[in-house]
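**Q** Features from TrEMBL:
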type: SIGNAL; residues: 1-20; note: signal peptide
type: TRANSMEM; residues: 76-95; note: transmembrane segment
type: TRANSMEM; residues: 163-181; note: transmembrane segment
type: TRANSMEM; residues: 188-208; note: transmembrane segment
type: TRANSMEM; residues: 285-303; note: transmembrane segment
type: TRANSMEM; residues: 324-347; note: transmembrane segment
type: TRANSMEM; residues: 359-378; note: transmembrane segment
Amino acid sequence: MPWVNFVFLMLYLSYHHIREQFFSVYDPHVVDITGALMVMVMKLSSFGWSVHDGRNSKDLLTSYTKSRIIKKHPNLLPYLGYAFFYASLLTGPAFDYADYDRFIHNTLFEDVPESRRPGKRKRRIPRSGRAALKKTLQGFFWAFLFTQAPKFVTLEYVFQPEFVQQHGFIYRIFYLWVLYVSYRLKYYTIWLIAEGACILCGIGYNGYDSQTDSFKWDRVQNIDPWAFETGQNVHTCLEAWNMNTNKWLKHFIYMRLAKKGKKPGFKSTLATFATSAFWHGTRPGYYMTFIMGAFLQTVGKIFRRNFRPIFVDKDGNKSKAKPLYDVTCYFVTQLAFSFVTQPFAILEFSKSWHCWSTVNYYVIIGTALTFLVFRGPWSHQVTKFLSKYHMSAPKPIHRDSQFNKTESEKVARALNSYISRDRDLVDSPTLGVPSLDYLESFEGKDIDEELKELVETWYKFKETKGDLGLKVAYNNFVAEIQRIVSDTRAQASEVIDSKKQQ
């Protein structure tokens with residue numbers, strides 16, 4: 001019962017979130033247990049699903065989840081080794097048990113050519129010192145910037161009257177931008193150093209590239225600072241941030257709530273959003289950021305749909321003004337992010353609202369105006385006016401330059417693959433934050449059906465005395481743990497006996 005496992009983990013995490021919020025004095029310089037528990041929730045909930053997948057039909061699984069199935073429940077020692085893996089215990093990155101199992105049994109490195117194996121032939125892990133050092137040095141670089149940032153920007157100054165009285169609007173919005181960059185520096189530091197540790201021990205190995213004769217070490221990559229810092233839209237930035245949490249939300253929450261044979265719907269989207277928000281914590285600042293993030297994604301899609309065709313046609317041909325469009329998108333995206341993410345660091349509602357007030361709520365006002373213009377009574381006229389400036393569609397292919405049958409089939413397969421991949425990226429909420437237009441795409445009938453299904457599930461749970469089912473699940477869990485302990489003791493006894501005989 002993977003959902004029972006998931007609910008238990010989330011309740012335990014929520015208990016600590018609530019205790020830290022209401023029964024402890026908040027100190028941003030103190031590391032509490034919730035960070036490590038957040039990583040543990042991802043690992044153990046995905047573990048539950050992988051065991052479940054290994055015991056049930058695999059017809060409806062995706063290629064990703066098929067590669068993660070656990071056919072035989074591991075003994076206690078490897079299970080604890082996975083749960084408390086030293087290189088990622090406190091900060092992540094989280095990874096699936098299938099990767100850990102392949103790592104400890106050395107099957108992760110089967111594609112390493114003999115010529116590239118280390119000097120000791122029994123050692124299967126390729127040399128990873130340089131790749132690990134590179135990540136570690138990057139982490140130290142961001143750590144150095146993190147220690148220097150308070151000399152130039154501090155959150156406390158934002159709440160001082162001088163911040164508004166002595167500085168203009170432009171200064172204030174860029175101050176929040178630099179402040180928002182300083183928030184990310186600690187995450188860059190810990191995630192890159194942890195990734196370096198994973199690379200050094202070998203679990204970061206992700207295959208051998210024969211074309212470049214090099215190894216890939218990005219299996220557990222959790223952050224791409226360059227992609228985030230240069231991102232020109234919300235989706236790109238979110239995809240580069242906390243990558244393994246993205247995978248967990250998509251494959252073990254979003255996809256799992258879909259009906260058999262159907263695409264994920266409103267229920268999946270809402271549950272993923274709630275899980276992501278609640279997983280982060282119970283403080284108001286998280287929800288302020290997540291709600292504004294949903295609006296921000298929608299605004300970004302509106303702008304991209306209406307303004308991008310002015311600078312780029314369907315064939316990818318660019319106008320001379322395209323660099324100006326890119327620069328504008330970059331500044332708009334980063335400035336909007338710097339506004340939206342302030343509550344994520346401040347956490348308190350009143351202080352977060354005050355911070356927004358120092359820059360006149362400009363992102364909220366801009367979002368409201370965007371919805372008024374593009375979703376209001378004049379939306380048709382506005383979009384029609386902008387469409388006049390869209391770059392012309394490409395000319396049709398002449399008959400003498402058409403593909404033959406074989407070429408047409410290849411192109412069709414490639415296009416279908418690209419479209420399905422692109423649709424999958426768009427439909428799956430990044431970090432659990434959906435765009436509002438995606439929510440609007442659901443028909444009322446579908447939403448009513450899913451709500452009705454939830455009500456029916458609850459009544460069935462009560463009618464069948466679901467609490468007894470939970471007791472049975474608990475008893476099964478206890479029996480399974482006892483069996484694992486028994487197997488472990490038996491294996492240990494065999495090892496001891498064999499050594500005595502030697």
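Each residue, glycine too, has its Cβ placed from N, Cα and C.
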**Q** Between the transmembrane segment (359-378) and the transmembrane segment (76-95), are there three or more C-beta pairs closer than 8 Å, counting only pairs 6 or more apart along the chain?
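**A** Judged by the Cβ rule, the two regions do not touch, with the required three close pairs absent.
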**Q** Counting only residues 6+ away from its ends, which parts of the chain sit with a Cβ under 8 Å from the transmembrane segment (76-95)?
**A** 31, 35-36, 39-40, 42-44, 46-47, 101, 104, 190-191, 194-195, 197-198, 200-201, 203, 219-222, 243-245, 248, 481, 484-485, 488
**Q** Mind checking which residues of the chain, 6+ beyond the ends of the signal peptide (1-20), have their Cβ under 8 Å from one of its Cβ atoms?
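**A** For the signal peptide (1-20), the far contacts come to 26, 32-34, 37-38, 40-41, 44-45, 48-49, 51-52, 252, 256, 275, 278-279, 281-282, 470, 473.
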**Q** Report, as numbers and ranges, which residues of the same chain sit near the transmembrane segment (324-347): CB under 8 Å and 6 or more residues beyond its ends.
**A** 26, 155, 173-174, 176-177, 179-181, 183, 230-234, 237, 281, 283-286, 288-289, 292-293, 296, 299-300, 303, 307-308, 310-311, 355-356, 359, 362-363, 366
